[in-house]
């Protein structure tokens, strides 16, 4: 056998030269302890804050506490299969989710994995869940209406595109119903409106019952609204880290539309449960507790999330992301820690009350305590014209109604005020799943403000409204179309509208 030393040395040299180029370096650590959805890991020295790490069996986690001798990792999933001594791998990636139009019509979890059984989502883009909000320069003040389809809100507490409007109230006061009706109200625009007016909807369910989320999805599906919506669900049985992450994941999905010159709406239902999940994680990570045992940065948790809802200026595509965060109060206590935090972050609040709800005033909006800090710049001119006086009249009515309980002999002017107020309150009631177009709301409120309801018994107001709407949809279609296109009520339109309501009033008996 002939051994060629030169040849062998050439092969060895070549192997030595290329040695280590394909070697994949993956930094690993070891689990020191695990429990309550938190793992303490030793050895991930270069891990980044918020980085995704991988446990055996494909379970993912997120590094939150970077300490001198170990890393505190929250686990996205069950910690039952993780034991002391398991190896943990860095992924090198900060937590991200799929984004884009491919997610429309789907139900996903907080990491963007589909949970609706409709197959995989082939999204072309991914985005980090926790991005910095747009600065001051790329923004523009809110000036386009975001129509909810609810008279009480669109007339009195208008919400604009790019605004953050808090929906706050006790349990069972119809908070989710407001978000649901707002999503359903976008269907008409999606069916036959221009692309620039379409509003894509993201609904984030945090810590809710699975049956509730399933019911929500079913309603959207039956009414054809799921096609322009994304549902992100972290239900009550999901681990706390998923409930903490879900709003950020939903926000990243909404931001895709905002940054591409489109309009999106996101509802967080509800942020109280996210704060509770965050408190649980923080206490288990042994971070110092503050007021009500919430960690010191719980304000920052919500402010950095809600600041991402914005209206961008024309140079940045003129897109918008509107946020409707929900907060659940306990016994109407708006001065608790989380409610006051979120009230101070948002641009106004819609305050719902149990008493109003049980009196049959639904949506149960307390018009006195609710406010929109964007105000009438988020309304079309026609709505400003008719709804301008209604808030004042209702405020006077509430004040007088309190006095009227004591005295029986009221002068005619006070009596008129009370009559008008009772009828306007009745007019603002609206059944669920029946949002109205803006021009229809304008016509109905016009009738109320101009005294057409004053002679009717209060219990006939709803019937009058339904009759008037069906009459206008058939006979007065031209007037409604004019209001929609001109977005204002000229003297000519006003005369036509009065004529239409007059002719209907004669036939209504």
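A Cβ is built for glycine as well, from the same backbone N, Cα and C atoms used for every other residue.
Pulled from Swiss-Prot:
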type: BINDING; residues: 169, 170, 171, 172, 173, 174, 175, 176; note: ATP binding site
type: SITE; residues: 370; note: site 'Required for activity'
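Residue 169 (ATP binding site) is 11 Å away from residue 370 (site 'Required for activity') when you measure Cα to Cα.
DSSP gives residue 173 (ATP binding site) a coil state; it is part of no helix or strand. Other C-beta atoms found within 10 angstroms of the C-beta of residue 173 (ATP binding site) number 27, with every protein chain shown included.
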